[in-house]
Each structure stands twice: as structure tokens, then as C-alpha cells.
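Undergrad: Quick one: the structure is below, questions incoming.
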Amino acid sequence: MDTALSEPASPVAAAGSTVVVCRALAASQHVTLGPLKLDCGVTLDAHRVAFRTYGTLNADKSNAVLICHALTMDQFVADPHPVTGKPGWGDTLVGPGRPIDPAKHFVICANVLGGCMGSTGPLDIRPGTSEPYNLSFPVVTIGDMVRAQAALLDHLGVESLFCVTGGSMGGMLVLQWAATYPERVFSAIPVATAARHSAQNIAFHEVGRQAIMADPEWHAGSYIKHGTRPARGLAVARMAAHITYLSEAALQRKFGRQLQGKDALGFGFDADFQVESYLHHQGKSFVERFDANAYLYITRAMDYFDLAAQHGGSLATAFRGSPTRFCLMSFTSDWLFPTAESREIVRALNSVAANVSFVEVESDKGHDAFLLDEPEMLRTLAGFLRGAGNARGLKP
Amino acid sequence: MADLNQKTVPRDGIRVDLQLIADMVAPGTRVLDVGCGDGALLDHLVRFKQVDGRGMELSQAGVNACVASGLSVIQGDADTDLQHYPSGAFDYVILSQTLPATRSPRDVLEQLLRVGKRAIVSFPNFAYWRVRMRLLFGGHMPQTEALPHRWYDTPNIHLCTIDDFRDLCAEMGVVVEKALSLDRRGRTLGLLPLPLANLIGEQGLFLLRRK
């Protein structure tokens, strides 16, 4: 019925998630650290962090920049993805002459705990068994992810970060970093994010998770043992999520009601419209590089994020006495993490007299704008980093 | 840098009235510039007075320009967003040429003096003699250099005179540490007798503190 979704999975996908992980590990640095005590009460005796670094740490170790990736991104921020071959997801942000420049900065980007690109997650073999964790992997939180990253920084000898930045879920990690390790964060740039996941966003995540779990090939999470993958469920989850990353205006501008490879309506349920075929493509290509169980775990971590709740219900308390210079950014057409969410963080920061800048960037590209070549965003980022660099005594 | 505090030394090109405001700010202090526009004054204060400076600006273009040049500025509204700052958070809160555009000038003034130990406020003087003449003999809403807008597109909804402002300060029990009237070019007219200041000053510039 649905051509894009009923096709057999590509050779890469069929070979299984472990191949993806192996490629990710081969293409990045990784280190095994631990133990790591998780918010759920479980302690991981050891956890692996897969990461990429660019540039070099300067003599006084003052130029480290940590980039926190979003839900479905990974450590390959500025070099080609080992599975898809596509350029790094943060190519416009990180690179020569870019706001974050390996010639000036020591850039670190790590796959989050619970991820599927080499860091410890549900795909890992459960210690003492020969089976992957699957659903027996403990539910992790944004706080756990940040503690795992902090352990990585200890390993790398980075005591204090010049900047920690990220968008969407990456922005949640940035906020958690600033709240948990204020003395280690000189400046923080949370982009298109929120201090807690909204009911609407939890609802969208639940749709995605239910799509995965409704796929008979999911096998209650044990699909590797069964030699299958819940590719259709994961693709539907991605399709639904992808709509939330765009805006009505962007969809209309890009696709309108244009038909896909035909002149007239097909009077059936194949992809008549370009927007359908686009979504199918998004779903299909996602499945080739992402693991379904990891998707469940990471979306759950976002759902559980509520920075105020961690601090007695007061977001301001999370930042009291913070020495960090903050720069928040939102986008006018982002309805997943709307400007109001950023403003709430700004108000909390103001109420404790923190050093904060806030810019709302005009864009019709929706939530995804934070990943795109938005000149105004990049100009603002560059300016903020220049100012922070001066204050830090970095060479311009 | 100390000599930069002396008014006679010529400095880089900020507007003369902004320079007078800068002269009121002690070096190394904490400053909030409300309605900081493109950040010219704030940038000057950060660079030449080493202040810990923050800005608030209504226009998105202004905010983005400020942040892109390395200043700490948020988009915000004097009427609604000052309340989020803790009391005494700043040594100075500056409100330059923005007071008549606020919805509740008295509340804003109260907030300025709650958030800041001192407030620096400048505004166009509606009792300036040219303004009086335009209205008296022209019969039209006055347009001057300090009041360039037409009646239907002006952001200024609460215009006042230097004397009005003094009255409000007295009524609120606010201490006027310094009051200057400025000429058309923003230069200080020195210490004039009060009625004269209200007549020939195109702008009023006040340094205020709580009692």
C-alpha cells in the first residue's frame, strides 16, 4: 500500500544496528568511563562515550567548546557521517571561518548516553550476558547524559568549558550543564529549547514511540535476537516528528499541493503529493542510521526533562549565583520550542541577575532553523562568542 | 582610562547627550540600559568605563545588532520586563529617551529605582520654547529634532516637561542628584534657574536615587 514504507529495508539497515555502531566507533574516538550513577537509581559500572574533537586545547585549557547534539543527531558535527556520507550536521556552525572555528577552539561533540552511534545505550551487550540490553537498559535522563559528558571532559583534561552550545535537546543539555556545573561553564548558548518538555511535545513523542512499539517487528524491543528491525514503526515516528520540525509556511513554500511525478490525482493511497513522498524519504533514510530502541530512550529523556522540578519548582533557583554568560536564541516560526519557552528561561535568569542575552531570529523554517544556514543566527552566535572570547582572554 | 571621565576630553563618536549620560556613570559598576537601541551607549560604557553592562531593547533588529557586537542584551519591554530583575541588581539603570514611550511612566520609574541604586533618565522636554511656539502659533502638534514624529506615528504617548518630571520625582520622594537641561545638539546648558531650564532645554537629563 505505502510504497516507501513497505519496501524491504536497505542492505545497511538489514545488516543491523550493530553495523551502524561499528562504523560510528571506527569513525570517532571513544573511551570507557565509569561508574555512572543514574537518576533512576541504577549505576552503570562502565559506560562508553563515542566522541569527535576538532582543533587543539590551548596551553591554559581555556578554549574548549562542547557541542550538544539534538535527539537524532550524533557526534559527527563537522565531518561526514560514517553511515550516510552526508556532511556534518553542524557544518554551518563549526569549521574554518565559522563561529566555532577549530583554528581557535577545541571542539568536542559526544554521542549522548542512550544513543546509538557508539556511546553506551540499549544496543550494548548487557554485562554478564551475550544479549543486548534492549529494554532492560535503564531509562536515562538529560542529567545522566550531562554527567556522562562531564566524565568525558575529566578524561580529556578539560576543567572549564569556554562555551557549551546546542539546539533542541542539545539546548536542554546546555541548560543542565549550566545548572549542574556552573563553575565549569564560562558561556552557554541554548538554542530553540525549553527548560521542560511541554505536554504537546511529550504527546508527539508518545505518538512516535507507539508507532515503533506497534510494529510487529519490534518484538518488545528484542528485534536484534529476532533478526528484524521495526523499520516501519521507526519511519512513521520520524515522519510524525519531522512535521513538528517544520512550519506550515515552510511546507507550503516547499511543496504546496504539488503532485509527485504525475499530472493528476491517482485516486489511491500511493504518494500523490510531493509532501508525502518527502516524508517517506525522511522516514526511510532515518531508519538506515538510527536505532528504534535508542529513539525510545532518548525521547523519554527529553520528556522527563524539567529543570525547575529539579530545583524545588523554581527555574531561577537552578541558575542562582551563576557565573555563566548566557545567550538564548529562538525562531519566530518554531512551534515545537516556541519563543515563549526561551523567554521563560530569560526571565528566570534575569531574576537572579545572570548575564543573559536573548535573540529571537526571524525565520519561517520552523524548529529546524537551528540546524540551517540562518545568517542572522550565525552572526549573533559569532558576535556573542567574540564578546565572550574577549572576556575569557582568548586570542581573536 | 581615568582621564576619560573628564568631560573636556574628546572621545569616540557617541552622541553628545549619550556622552553626558556616560559621564554620570562611575567606572567598573553594574549598568542596565533600558531601551538601549543599537547599543552605542552600552558599548561605550563597556569599553571605556569597564562596566558590567546589560541592555534591554524592544526592537528585534536592535537586540540582534547588540548581541552580534558582543553586548549582553535581551529583547524586552520597560513596562513589563523590569519586574523580573531583583532589587538593587544594578548600580545604574539608564532610560534614555524612552520614558514618554512607556505605558506607565511612573511605574517604570519606580522599577528603575528598585532595580538600580541610581537611575539616569533623559527625555524630550515638551516645554521647550520651540515646542511651545509650534503649538501656540502653528496650531499643530510640535515636531522638533527631539520630537521628530508626527502625531499619528509617534511612539511617545506620555510626553512631559522638565518641571513635570521634577514634580513627579518630588511626589515619589525620589532624590534628584543632578538635573541637566540640554540644547538642540544635546550639549548641557549648565545650571540654569529652574523656569529657564524648562523653557530653553530641549531635553531633560536626570540622575536620580532612592531616598
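Note that Cβ sites are derived from N, Cα and C of the backbone, with glycine treated the same way.
I grabbed these lines from TrEMBL:
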- A:96-372: domain 'AB hydrolase-1' (DOMAIN)
- A:S168: active site, nucleophile (ACT_SITE)
- A:R238, A:D368: substrate binding site (BINDING)
- A:D334: active site (ACT_SITE)
- A:H367: active site (ACT_SITE)
Undergrad: Could you tally the C-beta atoms, other than its own, that fall within 10 angstroms of the C-beta of A:D368 (substrate binding site)?
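TA: Taking every protein chain into account, the count is 23.
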Undergrad: My understanding is the cutoff is Cβ-Cβ under 8 Å with a sequence separation of 6 or more in the same chain; which residues meet that for A:R238 (substrate binding site)?
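TA: When sequence neighbours closer than 6 are ignored, A:R238 (substrate binding site) has A:T72, A:G208, A:Q282, A:G283, A:F286, A:V287, A:F290 within Cβ distance under 8 Å.
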Undergrad: CB neighbours of A:S168 (active site, nucleophile) within 10 A?
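TA: The Cβ of A:S168 (active site, nucleophile) has 27 Cβ neighbours within 10 Å.
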Undergrad: Which residues does A:D334 (active site) neighbour through Cβ under 8 Å, counting only same-chain ones at least six apart?
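TA: In sequence order, the residues whose Cβ lies under 8 Å from that of A:D334 (active site) (at least 6 apart) are A:A192, A:S247, A:S363, A:G366, A:H367, A:A369.
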Undergrad: Which three-state DSSP class does A:R238 (substrate binding site) fall into?
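TA: The three-state answer is helix.
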Undergrad: Whole-number Å only: compute the distance from the Cα of A:S168 (active site, nucleophile) to the Cα of A:D368 (substrate binding site).
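TA: A:S168 (active site, nucleophile) to A:D368 (substrate binding site), Cα-Cα distance: 9 Å.
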Undergrad: Quick one: give me the count of other CB atoms within 10 A of the CB of A:H367 (active site).
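TA: Taking every protein chain into account, the count is 25.
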